[in-house]
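A short write-up of the structure that comes next.
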Amino acid sequence: MAVVRSSCGSSARLTAPTCVLLLLLFAFVSVASASRDDAPGGNNETGRAPPEDSHHHHQQTNSSTHHKKAFPVLSFNYEHVRQPFEISLWILLALLMKLGFHIIPRVSNVVPESCLLIVVGLLIGGIIKAIGEKAPMLDSKLFFLYLLPPIILDAGYFLPIRPFTENMGTILVFAVVGTLWNTFFVGGMMYAVCQIEGAQLGGVDLLSCLLFGSIISAVDPVAVLAVFEEIHINELLHILVFGESLLNDAVTVVLYHLFEEFSHADTVTVGDALLGVVCFFVVSLGGIMVGAIYGLLGAFTSRFTSHTRVIEPLFVFLYSYMAYLSAEVFHLSGIMSLIACGVMMRPYVEANISHKSYTTVKYFMKMWSSVSETLIFIFLGVSTVAGPHAWNWTFVIFTVILCLVSRVLGVIGLTYVINKFRIVKLTKKDQFIVAYGGLRGAIAFSLGFLLTNSQLKNMFLTAIITVIFFTVFVQGMTIRPLVELLAVKKKKESKRSINEEIHTQFLDHLLTGIEDICGHYGHHHWKDKLNRFNKAYVKRWLIAGERSTEPQLISFYNKMEMKQAMMLVESGSAAKLPAIVSSMQNIQPRGPARPRAIPSISKSREQEIRKILRANLQKTRQRLRSYSRHDLLIDPFEDGLSEVRFRRQRVEMERRMSHYLTVPANRQEIPSVRKVCFEPASTD
């Protein structure tokens, strides 16, 4: 036991799972060494020599052992693989916890995944502390450089562009004005609390309180993603809260560095405040510019990867990560840089890469972000146990209360102003969900970990952890029943169709024309200008082959067909693939297509559009499945009957369409019908 304790308590700083594995390895090595010592023909055989030859054999043995060493059958060198071994153990533990969470449906329906992972981290941290080891901390370098980028890249790459751009004004108001309000309200009120004589907080000045307010006021994207994806909230509320959590990074970074510099300076002038405003625009716009440049480079590189499909996913990940690191070099917003890179890169990269590369990018990005999110919450629990903490009841309680009050007042006040300019107003229920969904997470903890003043740092970290636990556990666990109680609109899992896409484009063109007639250059006008510029110049440089001049309808149909084919292949129903095969193989054209004057597309494209419209727009209305609020199970007989009826209607419609698209036969001559009029008889 003494040997085991010394091995676990050495300077190697092994974790608890590592110590368990080392115990097993130590037992195995002991058995192996004992069996080797008892084996015949070893060193024990020399001890059985006659006494008179003992001196001779002793010299011979010493010389042989000096020149020849026994071959080690089994050796132990943990320090050689310590770091990758412990990293693999942590990732394996995170995956097992995530797997166990989804296996037990009763737990997943009540407790959010983030809460369970934090509890697991608390248990692991308690075990490590009980055996006298030093628990690993969630330091800022590990979080900002390795764990946060995969989550932001996944969110930015698959960001729904249309809802995000349509609600950009509302998101910016919540992200910029709302974060400023929370910072100064919480910081100012906490400074007033620190002036209370019985609070024992007289050493906390105003700039330190404002610095604490800038750390604790920002909504965390990792916590929002972890909770909102489980409750399946509608797309408007999800994009408002999640978009705010993404875009308030620039405000948080600027305020954090601004107040940190001011806290070390003697005086603060008006010029310093103006420089802080300029710094906000530099950090935000500079991060977007860096991400856009790397996104264009990634899209241009993917144009030449048709002969080396294997390395296509690597370009997506490397360019995105380089965009994040390049922004962090100049203290720009790395989160906004990643978002801009993903949004800029995705449409052009997906047009160039193959289906397998697209699948690899999608699933690897989802896997990477899921593992990072799991590790963040586990490390957050472990770091909570590790400490150190400086508990002050007054500071902690007022921090939680003021965070809730500032969030509610900010959302209500800003929504009152926003609704004057919105067509679709935010209701009271929407305001409640937006205010209640302002969760805090590991970003606030990592920023607090960067503080230098040890006394204030420990007290600030204790208050930050308390706010994180309150928002994740209390608000995260109660938001699902509150959404159901208030009957908030849920997200509809529907697939876009050709019909919907055509009508959406028609309405966009119609609204653009109305804006041009009225002389109002609004959202649709600039969107149309951007689409024209993209089609005329950008696509020709970033997309290879004839897909750069592909009509928008064909491009959308290709994406829809690819998703349908992937779903059918994954489900094992490859025989149900549609008969219309699109040009999705990214093959370079053999020769230039002959352009037509009207319309300006080739004959093959015209035939393809005709087939698409005939197959998708001329479908008869299917009978809806019967609905009962007491029984939501699918009736197999009814489902089969609807399928048979739909097939019959489709065959009949194809027969009619083929008749309409062919030259009609000559009509048989029908004898003319003469109208006979009888004059009324005269009464004479």
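One-based numbering along the chain as shown.
Cβ coordinates come from backbone N, Cα and C, glycine included.
Where the annotation comes from TrEMBL, it is an automatic prediction and has not been curated.
Taken from TrEMBL, the feature domain 'Cation/H+ exchanger transmembrane' applies to 91-484. According to TrEMBL, the domain 'Sodium/hydrogen exchanger regulatory region' annotation covers 581-670. Taken from TrEMBL, the feature region 'Disordered' applies to 36-66. Residues or ranges marked as signal peptide in TrEMBL: 1-34. Residues annotated as transmembrane segment in TrEMBL: 87-104, 111-131, 143-159, 171-193, 205-227, 274-297, 370-387, 393-419, 431-451, 463-488.
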### Task
Verify whether three or more Cβ pairs under 8 angstroms connect the transmembrane segment (463-488) with the transmembrane segment (393-419), leaving out any pair fewer than 6 apart in sequence.
yes
#### Entry: Of 171-193, 370-387, 431-451, whichever stretch has the most CB pairs under 8 A to the transmembrane segment (143-159)
370-387
## Note on the structure
Long-range Cβ contacts under 8 Å made by the transmembrane segment (431-451), restricted to residues 6 or more beyond its ends, are 137-140, 143-144, 147-148, 174, 211, 215-216, 218-224, 227-228, 233, 237, 240-241, 249, 252, 256, 376-377, 379-380, 383, 403, 407-408, 410-412, 415, 457, 460-461, 464-465, 467-468, 471-472, 475-476, 479, 482-483, 486, 488
### Query
For the transmembrane segment (171-193), which partner among 111-131, 205-227, 370-387, 463-488 gives the most CB pairs under 8 Å?
205-227
### Query
Out of 87-104, 111-131, 463-488, which stretch has the largest tally of CB pairs under 8 angstroms to the transmembrane segment (205-227)?
463-488
### Integer average pLDDT (0 to 100) for the domain 'Sodium/hydrogen exchanger regulatory region' (581-670)
52
